[in-house]
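Trainee: Pulled these from TrEMBL:
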DISULFID  Cys252-Cys261  disulfide bond
DISULFID  Cys385-Cys395  disulfide bond
DISULFID  Cys404-Cys413  disulfide bond
DOMAIN    228-262  domain 'EGF-like'
DOMAIN    381-414  domain 'EGF-like'
Amino acid sequence: MLLLLLLVLGCVRGADFSNSYLKVSPARTQIIVELEISFKTDVVLNASDRVWVQLPKVTSGRGTKEPGADKAVHLAPSIYFEGTWREGEFRSVERPFLNSTLELKVRAGVRLERGEDVTVKVYKTNELRVYCGFDRASNTNDPLTLRTNATLATGSPARFDDSDVVGNGCSRLLDCLERGTCDYCTERCACYEKLGDGDDISRTRSYDCSLSNCPTGLAWVDVPDPRRPNIRREVECSNAGVCETQRGECACFDGFTGDACQRRTLCIDASAGGGDEDCAGRGACVTMRETARVDHALPLTEENYTYGVGPEAWDADAIQHCVCDSSWEVGLDPRETQSPEYFGPRCSLKRCPTGDDPATVGDETDCTNVTAAGGQARGQPGNKCHVECSNRGTCDYAFGRCTCFSGFYGAACDKLIKNAGVV
């Protein structure tokens, strides 16, 4: 009876390994590294038993997307295990070689008792590389695990207790200012809610989480939806102000107030007119009814609209705003860009130079089939997105100049400093 109870307890044990740690030397990406794997066995390992060590982002290839090959691996010490490398698949830039695995087969005549401390080194002669960086195992959800088929083992993967940090992480982005989490593979921040996360309502996206989203309210000005003509969308600053992202506060246009510019303080008399001087000489002051017929007015649409009549279009002639100028053509057609050069309530702000992010594979400036901000229409083939400072700097909208992050340079921050270590 006691023996049976012990067998049952052995079968329901929560983990087969403990005190596990992965050391990577040097702790850098794209170069040949040495791996040191240590763990304590919580089950008995007999000859021919196997331990599978899943090592996502590690590859036997040349550090490209092209997978390497399965191969025998030389270990030290070699008295316990025979090693085989099982190359994983390149599934995505964010999760490459997710199922790469080091298979350890217990040698003939070897028995590792329960509670035994084991350290295995995989030397540089095996030519393994870390494709992209990763955080400590205790801080990541990547499947860095150990599993065994030993008798009485649970067979379930046991997460590593900890590991080295590999790569630059978000050090160039001030480690996300503790306002977000870092994707060590893409070296980008995922900001916490309302801190530049760019959610479904807010258009504010901060690459170092230094910016903040603004309060939202029902839109005063919007593209009419024929299916729901009486419904107004919830938008940032109620489309009646500019979000000051440094503080997460709305700077309301004249005539609007409230934390989300959701209240009006006076009526705007459309008959009062307003020449180009009202838009800092960089745009035209037009009514909402006129805006519907302007091709490059924001938000962009596939065709000109009739703003409407009756109570649904109460603001057609009562509200005026600036349609800003641009040195490039604005629109959804080929060779047109979805954002104008000047913007803001008085067209007083200037966008910075645009460029493709030099640290990514795709072309961020390609707006083909991309929905225009604030609307429902999509860019045609050859349409361009305006990617300020190539996503690798911050823009001074007063002058339209970029301040590049460390490791990047150029008017649009679209050039990578040599040997900067960016993947």
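Glycine is no exception: its Cβ is also placed from the backbone N, Cα and C atoms.
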Trainee: State the residues, same chain only, that lie 6 or more residues beyond the ends of the domain 'EGF-like' (381-414) and have a CB under 8 A from a CB inside it; answer 'none' if no residue qualifies.
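Mentor: Same-chain residues near the domain 'EGF-like' (381-414) but 6 or more away: 172-173, 207-208, 210, 331-339, 341, 344, 349-360, 364-368, 370, 420-422.
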Trainee: CA-CA, which of the disulfide-bonded residues Cys385, Cys395, Cys404, Cys413 lies nearest Cys261 (disulfide bond)?
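Mentor: Closest by Cα distance to Cys261 (disulfide bond) among the disulfide-bonded residues Cys385, Cys395, Cys404, Cys413: Cys395.
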Trainee: Indicate the candidate from Cys252, Cys261 with the smallest number of other Cβ atoms within 10 Å of its Cβ, considering only these disulfide-bonded residues.
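Mentor: Least crowded of the disulfide-bonded residues Cys252, Cys261, by Cβ count within 10 Å, is Cys252.
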Trainee: Measuring Cα to Cα, how far is Cys385 (disulfide bond) from Cys413 (disulfide bond) in Å?
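Mentor: The separation of the Cα atoms works out to 16 Å.
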Trainee: With DSSP helix as H/G/I and strand as E/B, how many residues of the domain 'EGF-like' (228-262) fall in helix, strand and coil?
Mentor: 3 helix, 13 strand, 19 coil
Trainee: Please name which of the disulfide-bonded residues listed here, Cys395, Cys404, Cys413, is nearest in space to Cys252 (disulfide bond), Cα against Cα.
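Mentor: For Cys252 (disulfide bond), the closest Cα among Cys395, Cys404, Cys413 is found at Cys395.
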